[in-house]
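J.: I have a structure I would like to understand better, so I am pasting it below and will then ask my questions one at a time.
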Amino acid sequence: MKCGRSIFSHGWTKHHINYLLSSISCFELNYKGQHVDTMYSRRSLMFTVLALFPFSSSSSSSEGDEDSLSEGEIAALKEQVEEKKKLIATLRNKPWRMKRREAQEFVEKFEGALGKGKGRKLYAYKVMMTKKFIKFKRDFENFKTACIPWERKIKEVESHFGSSVASYFIFLRWMYGLNLVLFGFMFGLVVLPEVLMGLPYGSIARKTVPRAEQDSAMDFSVLFDFGGYCKYSFLFYGYYNNERTIGLLQFRLPLSYLLVGVGIFGYSLMVVIRTMARNANEGGDGGDEGEFTFSWKMFTSWDYLIGNPETADNKYASITTSFKESIVDEQENQKDENIHLRRFLRVLANVMILCCLGGSGYLIYFVVKRSQEFAEMDNDDLSWFEKNEVEFVMSLLGLVCPPLFETIAELEDYHPRIALKWQLGRIFALFLGNLYTFLFALFDEVTAKLEREKSIKNATEWALNQYYANYSSFYNTTNVPPPDVHPSDVVRGPCWETGVGIEFVKLIVSDVQVSYLTILIGDFARAVIVRFLNYCWCWDLEAGFPSYGEFDISGNVLGLVFNQGMIWMGAFYAPGLVGLNVLRLLTSMYYQCWAVMACNVPHERVFKASRSNNFYMGLLLLVLFLSLLPVVYTIMTLPPSFDCGPFSGQEKMYDVVMETIDQDLPAFIGNIFTYATNPGLIMPAVLLMVLAIYYLNTVSKGYQQANLDLKRKIFNETNDCLLY
């Protein structure tokens, strides 16, 4: 009865108590599943009870004697209140309806604040720990963001130049991470074991500079062309020995070399496909973007947690750029054009670009064939241009053709995003044609070197047989020691694998030189001239010629993709090439970020990048597949050099795997491997994979269409609700 006395001591009247009892009764009915008005919920009951407590006696005195209660009525009301109080006390342990789950959360959240003593202190402690945990999660997320390499630089670029330019630097960062992992594989499983456990430099012929080349082995011109000591170092294929096991760990270097060379492609394929799948999930379902684009950008773009003036300026520039992107998209959707004239101009542009592609391919084939003629001549009779003609022509074509394609593409008048994809595709065709033309001409040179190696091998074997025969007949013994010849005097073949690796390294180095000089002269010097001579020139240099340069997205992206393709192909012939590429990407990030912020201006037609970067990844996946073909052809078809590299002495490079299976593994594993490589099993497996891919693609398209239909229905339902 303590509760009853405390209630009536507040001056509650008959109307107050009746209202309280009716609320509790309605709540009880609702709890039991009977139909009541939705206004009687647990939260409303709690607010009702809390609101009735603070009534003062003054409010009751104003009611008058007409609301006074007799002792019998007070006793009856006390009994009813006690019954309802017991009911409320037991509700916590009874099942709650799903519709009242929100009220349950409200009760659990605030019941500690209404308690006293230890309960209130425990509640305060829980609240404090919850706030600290939330702050810790926020700080940890900020820490993870701060640990992302170059995140602030890329955000700064995005705020001034838009998401399209920032997508290139994000792609560059991703490529750096991929090459860092590939470098770890190559360095940890190939280079480091040979350096630590293999034979030292100068102990065998393949690790020694020939005596005829020792005088000029340290000249800058020779080292710059990766000859001399560079040619016989761990950077290239020919340095590695063909012993099955090396060191105390009995490390199988030839097997590791082959598995790492193929595993680089496998790991890269897995990473590219996984990234494409994640981008597809993050990019949405490919449907239309949301409605009211400008309203959302106007009222929800600003970040009110910004406290740094520089960050606020970047955010302001980012919002302005996003408005420009959306305006361009809206203008392209409402464009009205002459369709017949547009088709004619687009056909004309494609014909001109095809002529450029054919001419570039013929030019590369011509200079490679010419370089083979130069290789037969004395190096002293050749000029610097004749020695580096192939690399110079390929770099020049990569520098001149993309701007030419962009000029021709002005006839087509595509949306900037579509124009970028066409530009990427054309430059992709240019680089791909140039690369494979270079490879075909290079493999012609490899065939010629194989013929030379065969003749040198036969002559060497004949000389050794004559030595053993003469020694045994002269000394009348069968215990013939090997000939005492210094490693630098040993007759050796041309080692075609090292020659191919040198060509790839020279291509990479020349590409880096041309790219950096282009930025330094074409962007920085141009910006300096416009900036400081604009005040004393005859016309406005900023608005007219030459003006500030724009960042070439398509050329930089395709240069990065084909640079990676050359790394994938060349890493098998030059293990040190991956390390050189890591340094190149690291310097490119800082150099190009500085150049784009200091020397370039945003594009005249700013456009928004696609919500997924799968177009870049698709090009990279195609280049990965095309880069795998020459390496597989080398492993399965061409015989390795007889006196250099980890596969010397084998008929084919893949014989290392068969040798390991026969000598180091149980016999049944060899049988399993033989059955697995049977064409009768491979062809059905490939056919099954093709059918599975077709089925999954069909199911994916069906789900995508169903998703679009559902969005359309929801949109129509929303419009109907707004009408009514």
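Every residue gets a Cβ built from N, Cα and C, even glycine.
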J.: Of 522-543, 566-587, which range does TrEMBL call transmembrane segment?
T.: 566-587
J.: Just give the helix, strand and coil counts over the domain 'TMC' (495-610), going by DSSP.
T.: 82 helix, 4 strand, 30 coil
J.: Look over the recorded stretches 174-199, 255-273, 615-636 and say which has the most C-beta pairs under 8 A to the transmembrane segment (220-240).
T.: 174-199
J.: Who are the chain neighbours of the transmembrane segment (174-199) in space, where the CB to CB distance is under 8 Å and they lie at least 6 residues beyond its ends?
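T.: Non-local partners: 149, 207, 234, 239-241, 246-249, 251, 253, 256-257, 260, 263-264, 267-268, 271, 275, 560, 564, 567, 571, 575-576, 578-579, 581-582, 585-586, 589.
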J.: When you look at the transmembrane segment (423-443) alongside the transmembrane segment (255-273), do they share 3+ Cβ pairs under 8 Å, ignoring any pair fewer than 6 residues apart in sequence?
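T.: When sequence-distant Cβ pairs are counted, the transmembrane segment (423-443) does not touch the transmembrane segment (255-273), since fewer than 3 lie under 8 Å.
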J.: By Cβ distance under 8 Å, which residues at least 6 away from the ends of the transmembrane segment (347-368) in the same chain are close to it?
T.: 389-390, 393-394, 397, 401, 404-405, 408-409, 411-412, 426, 429-430, 433-434, 437-438, 440-442, 445
J.: Give me the mean pLDDT over the domain 'TMC' (495-610), rounded to a whole number.
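T.: A mean pLDDT of 84 is what the predicted model shows over the domain 'TMC' (495-610).
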